[in-house]
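Taken from TrEMBL, the feature domain 'GOLD' applies to 45-127. Under the heading signal peptide, TrEMBL lists 1-20. The feature transmembrane segment is assigned by TrEMBL to 197-217.
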Amino acid sequence: MEPVRMVLCLLSVFISLVSDRLVVLASFSQATDSDFTFSLPAGRKECFYQTMKKEASLEIEYQVLDGAGLDVDFSISSPSGQLLFSDQRKSDGVHTVETHEDGDYVFCFDNTFSSISEKLVFFELILDNMDQEEDPDNWKEHIIGTDSLDMKLEDIMDTINNVKSRLGKSMQIQTLLRAFEARDRNLQESNFDRVNFWSVVNLFVMMVVSAVQVYLVRSLFEDKRKIRT
């Protein structure tokens with residue numbers, strides 16, 4: 001029974017060490033991202049608010065997916081009202097804000113320059129360094145007995161963070177590709193409708209011209225002289 005007890009003890013120690021490491025890994029701050037698509041009516045301005053902490057990072061990317069001109073005005077303001085970025089009648093853009101104060105950051109999409117065209121707008125937000133309550137190096141204090149295991153925790157952390165950042169970048173690229181695809185599809189459908197409309201107009205004009213030509217040719221061969229009997 002002694003060997004069995006020793007094996008069980010070693011197993012319990014190993015599980016406790018691994019669980020501590022999993023808790024440490026889960027406590028690390030992670031970047032969060034979200035995306036949103038909305039309709040911006042003609043002559044309207046829509047604003048969104050994002051609460052940020054000091055010394056954090058906010059990245060926003062937007063695209064106009066549908067609407068005449070595929071353009072919109074865009075601006076970002078700090079909680080104190082300072083204008084950070086401004087775009088005039090652009091179809092897409094990317095901006096990164098390093099926050100220097102706590103509060104609500106405002107980003108607005110403006111379609112007041114258009115009186116008849118509604119716009120379909122997509123944007124994506126990526127928030128980083130939002131969790132700063134703990135020092136990133138505090139995890140080392142929770143590690144006990146690492147010499148007894150042949151594990152390099154720092155290498156594992158670097159690998160996990162590397163994989164996580166690449167997965168996040170892949171998801172971001174896929175989201176942007178879907179947005180590009182939606183915009184191209186809307187543009188193609190608009191062009192298709194225009195081609196069909198002008199094709200019908202050209203066909204109607206050709207039929208009218210053909211009828212006029214037939215009438216004129218026939219009129220040339222008609223004998224309009226009166227026959228006396």
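Every residue gets a Cβ built from N, Cα and C, even glycine.
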Please spell out the DSSP helix, strand and coil residue counts for the domain 'GOLD' (45-127).
3 helix, 56 strand, 24 coil
Give, as a single whole number between 0 and 100, the mean pLDDT over the domain 'GOLD' (45-127).
89
